[in-house]
Amino acid sequence: MPYLSVAEEQAEWGTGANVPAHKRNRETSPSIMKIGKLPCVLLFVLCVMLFITYIKWNPRKEQAVDASDLQIKTTHELGGLSSKNEIFYGIMFDAGSTGTRIHIYQFSRTPSGAPNLDHEEFRALKPGLSSYADNPIKCAPGINELLNIAKKEIPQKLWASTPLVLKATAGLRLLPGEKAHKLLDMVRELFKASPFLIGKDSVSIMNGTDEGIFAWITVNFLTGSLNNAGKKHSGMLDLGGGSTQITFYPYSKNTLTSSPPGYMTKFELFGNTYSLYSHSYLGYGLMSARLAIMGGEEGKSLQEGEQLVTSCLTPEFVTEFKHAEITYKIKGQKNDEPLFVSCYKRVLALLGGKVEHSKEIPNLFFYAFSYYYDRAVDAHLIDAELGGSLKVKDFDMAAKKECKLIEEAPGENPFLCMDLTYITLLLQESGFPMEKELKLVKKIDNVETSWALGATFYYTSILNKQHS
Ligand SMILES: *[C@@H]1O[C@H](CO)[C@@H](O)[C@H](O)[C@H]1NC(C)=O
């Protein structure tokens, strides 16, 4: 619905500007006779130029409006001035390991602070950018197809003021630097050829800390704390395959002064300055953790006939684990303790003292995403569609239960005991008490809680600074 109203508004502006333009054209010809030759020629040249500009910017009748004026106005107002119900857009490409997604956001300005998100459109393309590593030009048709969707979605007069950004995650982070850069250079060329607004940092690889900060912005925008000084900000936990992130807004001076260097990030958004505690632990994502728990090494294949032996699987149980293109042979270890106990000891040995324990965590509200969500679903702790709330101790109890279950029937869900034990200990080591509640969701207000929305806000404000 909000999209329709934009189309209507646009049509209105169109006719409004159309009428005087035609009148002016008709009125100029008789008046020419009364003026001297030189002004006449100048006036004629001016008319031709106006006409060309008019044709160039307004191929469709309903868009007959002086687009250049509008663009200047829009770009200017993005900087902070507000007029009611003004519409603007942002385009974010999420270049992930398995595919490329485009998010097209439509916002409207509010009298103060954060804008409203009116509409989100997204499409995905497979495979991911990294699969064109040996032939970057091959990524062009896909990127252009997604750009065409943005052109259809966004009114033409707003193209030049709409920021276009691509952020690449895991897939490109793992490529050799040279190959990743060639791919990104290709995308940059395609973006430059598009009619949208491009900045110097518009196409790049994003690190885990940035990803955490952008997801934090998304969550706190959707929960309304960025627009309401009275509402406390929520923290954000993410557990990916390769890394895990924790991001929160510290209310305690102690956190600000005692955090390790590099854990605090300061930025400006919607007229406020935020200092966030944010850290990404590389190698502590769930899949990397599995490998480490089982004694494997990242990127290193096993020798012929070699297998990893683990105290988190039942004795003599044999399976395979594929991670980062390598398949590992796995076997459960003989032991005379309950499986949960032996697994817990192993995980504790791996995690003990490796993650920062923040004292402020018990006082904050936290959302948790990705594998936190998926494993809670697998353990029947939350609904797969709706998500839900749980306490750290629920992960702990589920771990004990699942470890017991595989002791009786090893084949069912062999890694769930290990995963839940890891999740419980990761939370505890990070400073989450057993009674601490976490909220697990995929969407807030029907909008996906991904980093893409937060990154769009962040880059929109940077681009506007560069252009104002
Ligand atoms: C992540 O990237 C940003 C730039 O986008 C940089 O400022 C920051 O220092 C990086 N953080 C880490 C931990 O590498």
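Our numbering is plain: 1 for the first residue shown, then up by one each step along the chain.
Backbone N, Cα and C atoms are what each Cβ position is placed from, and that goes for glycine too.
Listed in TrEMBL for this protein:
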type	residues	note
ACT_SITE	GLU211	active site, proton acceptor
BINDING	GLY241, GLY242, SER243, THR244, GLN245	ATP binding site
TRANSMEM	38-57	transmembrane segment
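According to DSSP, THR244 (ATP binding site) is assigned to a strand segment.
For THR244 (ATP binding site) paired with GLU211 (active site, proton acceptor), the C-alpha to C-alpha distance reads 10 Å. Listed in sequence order, ALA170, LEU282, GLY283, GLY285, MET287, SER288 are the same-chain residues at least 6 apart in sequence whose CB falls under 8 Å from the CB of GLY242 (ATP binding site). SER243 (ATP binding site) sits 11 Å from GLU211 (active site, proton acceptor), taking the C-alpha atoms as the reference points. Each of the binding-site residues SER243, GLN245 was scored by the number of other CB atoms within 10 A of its CB, and the lowest score belongs to SER243. Surrounding the centroid of the Cβ atoms of GLY241, GLY242, SER243, THR244, GLN245, where the record places ATP, the chain contributes additional residues within 8 Å, namely GLY208, ASP238, LEU239, GLY240, SER280, TYR281, LEU282, TYR284, GLY285, LEU286, SER288. Long-range neighbours of GLY241 (ATP binding site) (same chain, six or more residues apart, CB within less than 8 Å of its CB): ALA170, GLY285, LEU286, MET287, SER288, HIS323, TYR371.
Here the recorded positions are GLU211, THR244, and the one with the most other Cβ atoms within 10 Å of its Cβ is THR244.
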